[in-house]
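Per TrEMBL, these features apply:
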type: BINDING; residues: 105, 110, 115; note: oxalate binding site
type: BINDING; residues: 108, 110, 115, 156; note: Mn(2+) binding site
type: DISULFID; residues: 31-46; note: disulfide bond
type: DOMAIN; residues: 60-210; note: domain 'Cupin type-1'
type: SIGNAL; residues: 1-21; note: signal peptide
């Protein structure tokens, strides 16, 4: 990829001109995450290239089914920078998602990544909701081999609509896409959001809010 320089601004000052520039392309072959340093950067500091090994670029175990014995009936196995240090600064990651029959990957969002999902086994109902004010639901039932994309930041979900287990693989456009599960964030925050706020926001009785907060 050719080197790109983006000129953000050219400011005229009394003593002359000041230019601000940004280089979006990597300036080295790789930047393997160094988890031993306390340096605070946008991502992780780079490991000394002399100490980099093949294991920094590999991950094993994605062929193993995830344990879906939980209330949602699904399990996400991530391969992000925390599991694969060589992903640092590369802007990509992936996950394996296992679903029990009628299991769901509940409504959630990735604040830093678009997701593209491929069904390996089973049938999945998938969907996302557009932003305010339309809040349109875009949904489809996928079969083995089908692909679906969830735009960055939008709330989305999957549900196994088959009688057997389902498996999907998804790629995400960030080494650390983040995940915000809506129910957990709203009803399980620490400290909790005031019940008065949630009662008014969801237009339900306060006892319903308490019940939901107890679950999360």
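Please read every residue number as a count from 1 along the shown chain.
Any Cβ shown, glycine's included, is placed from N, Cα and C.
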Could you list the residues of the same chain, at least six apart in sequence, whose Cβ is under 8 A from the Cβ of residue 31 (disulfide bond)?
43, 44, 46, 47, 88, 89
Between the Cα atoms of residue 156 (Mn(2+) binding site) and residue 105 (oxalate binding site), what distance do you get, rounded to the nearest Å?
9
If you draw a 10 Å sphere around the Cβ of residue 110 (oxalate binding site), how many other Cβ atoms fall inside it, taking every protein chain shown into account?
23
I need the neighbours of the Mn(2+) site defined by 108, 110, 115, 156. Which other residues of that chain put their C-beta within 8 angstroms of the C-beta centroid, in sequence order?
109, 113, 128, 150, 154, 155, 177, 179
Surrounding CB atoms that lie within 10 Å of the CB of residue 156 (Mn(2+) binding site), all protein chains:
22
Cβ within 8 angstroms of the Cβ centroid of 105, 110, 115: which residues besides those meet this for the oxalate site?
95, 108, 109, 113, 117, 150, 156, 170, 172, 177, 179
Counting other CB atoms within 10 A of each CB, which of the binding-site residues 108, 115 comes out lowest?
108
